[in-house]
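Novice: Not my notes, these are from Swiss-Prot:
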BINDING   Gly77, Asn108  anthranilate 1 binding site
BINDING   Gly77, 80-81, Thr85, 87-90, 105-113, Ser117  5-phospho-alpha-D-ribose 1-diphosphate binding site
BINDING   Ser89, Glu223  Mg(2+) 1 binding site
BINDING   Arg163  anthranilate 2 binding site
BINDING   Asp222, Glu223  Mg(2+) 2 binding site
Amino acid sequence: MAAEKLRRGEDLTLEEAHDAASGMLGGMGTDESAELLSLLARKGETDEELLGVLEAVSEHSERVVPRNSGTVIDVCGTGGDGMSTLNVSTACAFVAAASGCTVAKHGNRSSSGCSGSADIFERLGCDLDQRPGDAASLLEDLNICFMYAPRYHPALAGIADARKKVGGRTVFNLVGPLCNPAGVRDQLVGVSSQDLLGRIPRILHRRGAGSAMAVMSDDGMDELSTSSHGSACILRGGEVYTERVDPEALGLHASSANELRIHSAGGAFHSFVAVLDGRAGRAMAETVELNAAAALVVGGISEGLADGIEAARVAIEGGAASDLLDRFVAKAGDPGMLREARE
């Protein structure tokens, strides 16, 4: 039925999209799944369809149950900007956590750049196959944990062939960053298209988020950047609105995208550590501060970006971010690998 409607160019209801996605995740054949994904992508997915697929993916996922009180947030990007820049979201997660946020970080390996969140955590010596209870304990003890997407969404492996057959972006690329295994709804999401900028906060609101923000830079980065002006679509108090972001008006220094570019996985890892240690160049440090500020706004720690930038800078320059990285690696990684990155 879903395929018939899509062939006619008709939108699916939330329930129809949910049932179609559940079928794909439950063992539907590769050809049938690929046709559904292609038809959805060709038509363009509605919010109802995204919500239906999102609910189905969440139902097929393994869960982490946070024991923390208060708001838990996630910081992630949709990826695909193709700019091979510093892994901002991972550094931002540590800075935000060191500034008072509780961050249940969900992520994967890089799809288009040199290094994704999972690549960074792997280089820290972390076990990407970590049990949900261990992730919850880290979150409780340190206010930060990492959940490797393939570990928590095993059903997605069953549609890998169908996604390859489609050959391009599918609905699962869009909903993946929103399927946090810890049930997090309040998120900072970096996007690389104007269409998603306005839609993601609305979708998260319908999923129960009280606060959320989607951000992008005018130069195409799927995060805020000091290399250009940017936009933030914000959910606050039940309202969704968009603001322009001028880094220089916030007291930051203009940079170029080249100053944020990374050329290897090793370079991405060393830059990540350097930012948290307060040793990175100004462009990288301030870009992370800007995005951490957005995370602090989502988490209710800071009222606005200016306050958040100051809090993030204190966390980096005062050593709290570096100390949190040390404690995280001591509990969940290999301190020797971190020492090597600092040599």
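Note: Cβ is positioned from N, Cα and C throughout, glycine not excepted.
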Novice: Show me the subset of Gly77, Ser89, His106, Arg109, Arg163 whose Cα is within 10 Å of Glu223 (Mg(2+) 1 binding site); these are the binding-site residues I mean.
Specialist: Gly77, Ser89
Novice: I need the nearest neighbour of His106 (5-phospho-alpha-D-ribose 1-diphosphate binding site) among the binding-site residues Gly77, Arg163, Asp222, using C-alpha distances.
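Specialist: That would be Gly77, nearest by Cα distance.
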Novice: Given the binding-site residues Thr85, Ser89, Arg109, Arg163, Asp222, tell me which ones have a C-alpha lying within 10 Å of the C-alpha of Gly77 (anthranilate 1 binding site).
Specialist: Ser89, Asp222
Novice: Based on Cα distances to Thr85 (5-phospho-alpha-D-ribose 1-diphosphate binding site), point out the closest of the binding-site residues Asn108, Arg163, Asp222.
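Specialist: So, of the listed binding-site residues, the one sitting closest to Thr85 (5-phospho-alpha-D-ribose 1-diphosphate binding site) is Asp222.
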Novice: For the C-alpha pair, I'd like the distance in angstrom between Arg109 (5-phospho-alpha-D-ribose 1-diphosphate binding site) and the residue listed as 'anthranilate 2 binding site', rounded off.
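Specialist: Counting only the Cα atoms, the answer is 17 Å.
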Novice: Looking at the binding-site residues listed here (Ser89, Asn108, Asp222), whose Cα lies nearest to that of Arg163 (anthranilate 2 binding site)?
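Specialist: Smallest Cα separation from Arg163 (anthranilate 2 binding site) among Ser89, Asn108, Asp222: Asn108.
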Novice: Going by DSSP, give the three-state secondary structure for Ser89 (5-phospho-alpha-D-ribose 1-diphosphate binding site).
Specialist: helix
Novice: For the residue listed as 'anthranilate 2 binding site', just give me the three-state DSSP call.
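Specialist: Looking at the DSSP assignment, the residue listed as 'anthranilate 2 binding site' belongs to a helix.
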Novice: Around the C-beta of Asp222 (Mg(2+) 2 binding site), how many further C-beta atoms are within 10 angstroms, looking at every protein chain?
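Specialist: The answer is 29 other Cβ atoms.
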